[in-house]
Amino acid sequence: MEPAAGIQRRSSQGPTVPPPPRGHAPPAAAPGPAPLSSPVREPPQLEEERQVRISESGQFSDGLEDRGLLESSTRLKPHEAQNYRKKALWVSWFSIIVTLALAVAAFTVSVMRYSASAFGFAFDAILDVLSSAIVLWRYSNAAAVHSAHREYIACVILGVIFLLSSICIVVKAIHDLSTRLLPEVDDFLFSVSILSGILCSILAVLKFMLGKVLTSRALITDGFNSLVGGVMGFSILLSAEVFKHDSAVWYLDGSIGVLIGLTIFAYGVKLLIDMVPRVRQTRHYEMFE
């Protein structure tokens with residue numbers, strides 16, 4: 001009877017003492033902090049991955065240029081690139097037609113009204129025609145839509161044209177300031193200024209958008225030239241209206257011409273400094289031409 005009692009004592013005492021630790025062991029071992037620790041570890045990893053991706057993307061774009069390709073070759077699918085190339089051609093043709101008509105009108109205003117800004121705008125309009133023609137050459141070859149070498153050659157030509165046109169604009173504006181030529185206002189001048197300002201501004205926006213998608217410095221430069229044309233168109237109207245109300249501010253027209261000429265000159269120099277070395281780097285990668 002005593003062993004049985006001992007067994008009963010052990011059996012009665014056994015369930016009371018050991019099971020509680022066993023029953024509480026799973027909650028104690030439950031991975032409560034684990035889900036909290038995983039989000040804490042992920043942000044540093046994600047941040048490191050982002051930094052690595054940013055550095056790799058910069059190195060990758062440099063590698064693309066070294067191989068004669070633009071960054072658009074990795075962003076756009078072939079049919080998308082061709083679609084944007086056709087849009088760039090259409091915008092360039094439209095720009096040539098519009099700016100050529102505005103150039104003729106602006107030259108007429110410059111001769112009839114002795115306007116330095118009108119002469120500067122006419123020169124800039126011709127520059128816009130030439131730059132749009134260069135963009136046409138740039139995208140005339142469907143296989144060269146991502147060609148970095150072709151892109152940089154177009155930019156170098158644009159830089160040279162910018163320098164030559166800026167010199168002509170500044171010389172003409174300084175001559176008008178030295179001879180104290182006074183601008184005149186009429187309906188024809190008003191119409192040319194409004195049309196040139198609006199149309200060139202619209203063309204500039206379109207070229208900037210296409211240049212960003214195609215990663216084309218030539219298109220962006222062409223857009224900058226159109227933007228300058230829009231500013232010059234409005235400046236003709238501004239200087240004429242100011243002179244109409246205050247004849248003492250006769251120098252505003254020539255001063256704007258000098259400022260715009262210097263701006264174009266600075267942009268042309270910057271373009272040549274950036275693009276001439278790249279033409280040399282990519283001269284061996286004309287695979288798409």
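Each Cβ is built from the backbone N, Cα and C atoms, and glycine gets one as well.
Just so it is clear, the model here is predicted, and its values are computed rather than measured.
Among the features that Swiss-Prot reports, topological domain 'Cytoplasmic' is placed at 1-88 (among others).
The region 'Disordered' annotation in Swiss-Prot covers 1-65.
Residues or ranges marked as phosphoserine in Swiss-Prot (evidence: similarity to another entry): Ser11 (among others).
Residues or ranges marked as compositional bias 'Pro residues' by Swiss-Prot: 16-36.
Annotated region 'Required for interaction with MCOLN1' per Swiss-Prot: 42-72, in sequence order, evidence recorded as experimental evidence.
As annotated by Swiss-Prot, phosphoserine applies to Ser55 (among others), with the evidence given as similarity to another entry.
The phosphoserine annotation in Swiss-Prot covers Ser57 (among others), and the record cites similarity to another entry as its basis.
Annotation comment: Swiss-Prot describes Ser61 (among others) as phosphoserine, evidence class similarity to another entry.
Counting only same-chain residues 6+ beyond the ends of the transmembrane segment (89-109), those with a CB under 8 A from a CB of the stretch are 115, 118-119, 121-122, 125-126, 128-129, 132-133, 135-136, 139-140, 188-189, 192, 195-196, 199-200, 203, 206-207, 210, 222, 226, 229, 233, 236. Marked as transmembrane segment by Swiss-Prot on the basis of sequence analysis: 89-109 (among others).
Positions annotated as topological domain 'Extracellular' by Swiss-Prot: 110-116 (among others).
Per Swiss-Prot, the feature transmembrane segment maps to 117-137 (among others).
In the predicted model, the topological domain 'Cytoplasmic' (138-150) has a mean pLDDT of 83. Annotated topological domain 'Cytoplasmic' per Swiss-Prot: 138-150 (among others), in sequence order, evidence recorded as sequence analysis.
Within its own chain, the transmembrane segment (151-171) has Cβ neighbours under 8 Å at 70, 119-120, 123-124, 126-127, 130-131, 134-135, 137-138, 216-218, 221-222, 225, 257-258, 260-265, 267-269, 271-272, 274-276, 278-279, 282, counting only residues six or more beyond its boundaries. Summarising the annotation, Swiss-Prot assigns transmembrane segment to 151-171 (among others) and lists sequence analysis as the type of evidence.
Remote same-chain residues near the topological domain 'Extracellular' (172-187) are listed as 113-117, 119-120, 123, 239-241, 243-244, 247, 250-251, 253-258, 261 (criterion: CB distance under 8 Å, separation of at least six residues from the stretch ends). Sequence annotations record features per position, and here Swiss-Prot assigns topological domain 'Extracellular' to 172-187 (among others).
What Swiss-Prot lists as transmembrane segment is 188-208 (among others), and the listing cites sequence analysis.
Residues 70-72, 75-76, 81, 84-85, 87-88, 91, 138, 145, 151-152, 155, 223, 271, 274-275 of the same chain sit 6 or more residues outside the topological domain 'Cytoplasmic' (209-217) yet have a Cβ under 8 Å from a Cβ within it. The annotation topological domain 'Cytoplasmic' is assigned in Swiss-Prot to 209-217 (among others) on the grounds of sequence analysis.
Secondary structure of the topological domain 'Cytoplasmic' (209-217) per DSSP (helix as H, G, I; strand as E, B; remaining residues coil): 6 helix, 0 strand, 3 coil. Residues 88, 92, 95, 99, 102, 106, 109, 115, 117-118, 120-121, 124-125, 127-128, 131-132, 134-135, 138, 151, 154-155, 158, 162, 189-190, 192-201, 203-208, 210-212, 252-253, 256, 260, 263-264, 267, 271 of the same chain, all 6+ positions outside the transmembrane segment (218-238), place their C-beta atoms under 8 angstroms from a C-beta of that stretch. Summarised by DSSP class, the composition of the topological domain 'Cytoplasmic' (138-150) is 7 helix, 1 strand, 5 coil.
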